[in-house]
Structures are given as C-alpha cells and as structure tokens.
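Q: Structure below; questions to follow.
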Amino acid sequence: MALPVALQNDKENLRTLVVGGGSWGTALAILLARNRVPTLLWARDLAQVSAMIITRRNDRYLPQVPFPPSLEPITDLEGALSQTKQVLVAVPSCGFRPILERLAGHLSSHVPLIWATKGLEPGTGRLLHEVVLELLGSGWPMAVMSGPTFAHEVVAGLPTAVTVAATESEIATCFARSLHGDTFRVYTSDDLIGVQLGGAVKNVLAIAAGISDGLGFGANTRAALITRGLTELVRFALAWGGQRETLMGLSGLGDLVLTCTDDQSRNRRLGLALAQGKRLDEALTLIGQAVEGAAAAKVVVARAKQLAVEMPIAEQVYQVLYAGRHPRQAVEVLCRREQKPEYA
C-alpha cells in the first residue's frame, strides 16, 4: 500500500546520517533510501567509503546490492552532521562510545539519535542509553531499534518486523516512520531497557545454541535451551527494570529464536566453531566480523551476579569462552543441576 503523501513528505525532509559501514549499517542505509529518506552513510574505513562512492555498493559486506539514488556515502563525518535531521548508529558495542565522543562536539542541539547496536558497553557493562546520557546529556532525544533482522534478508526485501523504543513516543514514532516500509514493519515501545537487553543477551544464548548443535545434541536440546534461555533473559531484564512483555516480543523472543536457529548468526557460528574444537581467537578470526556475544558474556555474567540473578546458561557460555571449560562439560553441568519447579 502506498504511503499517504503527507507521510512521504515527512520522510523526504528527514535527512538521516547512518554511522557504520558494516553489513547492518549499510542495510539500514539502503532501507532508509528505498523509503525515500535522503540518507548519508559514513564508515570509519575511508578507503571503503571511497570505493562505495565509485561503485555505488558495499563490495565488502553486501556486494550484490546497488545503492538507491538517495543514498550518499560520505567521508566527512563532522561536516555531514550540519545537514542531518536524525542520526542512526550501527557500530559494534565496543565502538559505540568512541563514535558518540566524536559526534558529541558536532551534533546540532537535540538532533534525535537512534542506535541499532545489540550489546552492552564492554568493560563497564552499561546499557548504551546510559552512555548517551553521559556524553550528550539527560534531555537528548534517543531511541533503540532491535528485532529479528539479518542484513542480507532485509536488503533482499524479505518481510520482517522490529521494535523501536524511546522514552518519548514522538521520537519512537519519527524513527519508525523513517524505517517502516512494505516489507519492514516497525512497532514502537517505551521500554528502552528491555529492548536493549533483549538484543544483548540473546547473543550470549545464541553461542550456547551453536555449541549444542555443534555437539550434535539435536532439536529437542535446542528448543529446551531457547526456552530456558528466555527465562534467564526475562529474569535479568526484570531485575534491571525492563518489562516482561517486551521480552516476549520482537526484540526478545523474536530475535532470540532467529539468532539461535540460523547460521547467518555470527554468535551461533561462534558456538558451532567452539564445539568443533576451535579456540576462541581462532573462531573469531574465522568469522571475521564482530561477534557481540563474546564480549557480552563477560558483562552479562558479572552484572547478573551483582543483581543476584541466576543465569546458568550464560554462566556456562562464559566458562567455555574464558575459563577453559570444554563445551561438552558445560552442557553436562547444565543437565546435572538440581531438579526444581520450572518457574522457581
């Protein structure tokens, strides 16, 4: 169904800067441009940007997908900020603070910021909206987008749906209008905490699913692991202030199922590689892109202990990644836990 003229005009006035030239940032930039949103795309690797300017595609990550006419790759990040009505950040969580620090001195007052990063800040374990509050101030309009999304499927026009969460409904609605299209449905939420935690913790659980499948434990095990993983996720999010219904939605259960069951997931592939005997560094090199769950396992387990939240699956992922536990032994530890009521 065609959009109303008024909404099309709104989109054409919402010049958006996408920060991050990986597969996900590029996919979102293409999505925005297809939606008639004038879009600028910046990446840290200036040689990569220069190549995108010439070829009109991202040969490194999405080589078969041409850029729409309204998508413009750029090399001058600070200069672009003066032309921007909203900013979308799609970088790994380890790069989120450095990018925000770079944006902070040049971003026009109260230009809305949305991020599509699915992780917690490494080292501190902070939610990314806390980093925004620290660097941009308490009144800055911000939102987060999360849900079951693989970049290649999004640019192929395969249908999916996501959640955009913001503390102000107007901000969530504005970003939702920019992203919403014929095959990309956007719902809004006010649960900034729950949406962020769904996107971060599911990465850890996907490593567990990859380990399980890599060891040949089968569909029963995978289904049980996803279900008990969801219980851990809900427990953790509630302790942090998230809402239960958020974790039953797209940014929780939806993304968890996707990431645990499809080999497009880098986190799942990490688990598969570990089950096959690869060391962590070998597996990460083999995958060749950021694997958010590896860093998230550290901060999730540490924060769970601070909050007195029991997360046995996440704990065993941590033990495999950083304490030398064999993947098969980790599964045995989980299976031998004391019998208890399901929702105790």
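Yeah, the Cβs are placed from backbone N, Cα and C, and that goes for glycine too.
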Q: For the NADPH site, Swiss-Prot lists Ser23, Trp24, Arg44, Lys118, Ala151, Glu292; sort out which one of Arg185, Arg266, Arg325 goes with them.
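A: My reading of Swiss-Prot gives Arg266 as the candidate in that site.
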Q: Which of these, Asp191, Asp255, does Swiss-Prot list as part of the sn-glycerol 3-phosphate site with Lys118, Gly147, Thr149, Lys202, Ser265, Arg266, Asn267?
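A: So the sn-glycerol 3-phosphate site in Swiss-Prot includes Lys118, Gly147, Thr149, Lys202, Ser265, Arg266, Asn267 plus, from the candidates Asp191, Asp255, Asp255.
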Q: Quick check for the class: what is the C-alpha distance, in angstrom and rounded, between Asp255 (sn-glycerol 3-phosphate binding site) and Glu292 (NADPH binding site)?
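A: Taking the Cα atoms only, Asp255 (sn-glycerol 3-phosphate binding site) lies 14 Å from Glu292 (NADPH binding site).
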Q: Under 8 Å Cβ-Cβ from Ser265 (sn-glycerol 3-phosphate binding site), six or more apart in the same chain: what's there?
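A: Those within reach of Ser265 (sn-glycerol 3-phosphate binding site), by Cβ under 8 Å and sequence separation of 6 or more, are Phe150, Ala206, Gly210, Leu258, Thr259.
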Q: For Trp24 (NADPH binding site), which residues in the same chain are close in space, meaning a Cβ under 8 Å from its Cβ, but six or more apart along the sequence?
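A: When sequence neighbours closer than 6 are ignored, Trp24 (NADPH binding site) has Ala90, Ala116, Thr149, Ala151 within Cβ distance under 8 Å.
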Q: Can you check what DSSP calls Arg266 (NADPH binding site), collapsed to helix, strand or coil?
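A: Note: Arg266 (NADPH binding site) is helical by DSSP.
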Q: Among Ser23, Trp24, Arg44, Lys118, Ala151, Arg266, Glu292, the annotated NADPH contacts, find the widest CA pair distance and round it to a whole Å.
A: 21
Q: Count the other Cβ atoms sitting within 10 Å of the Cβ of Arg266 (NADPH binding site), across every protein chain shown.
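A: Taking every protein chain into account, the count is 23.
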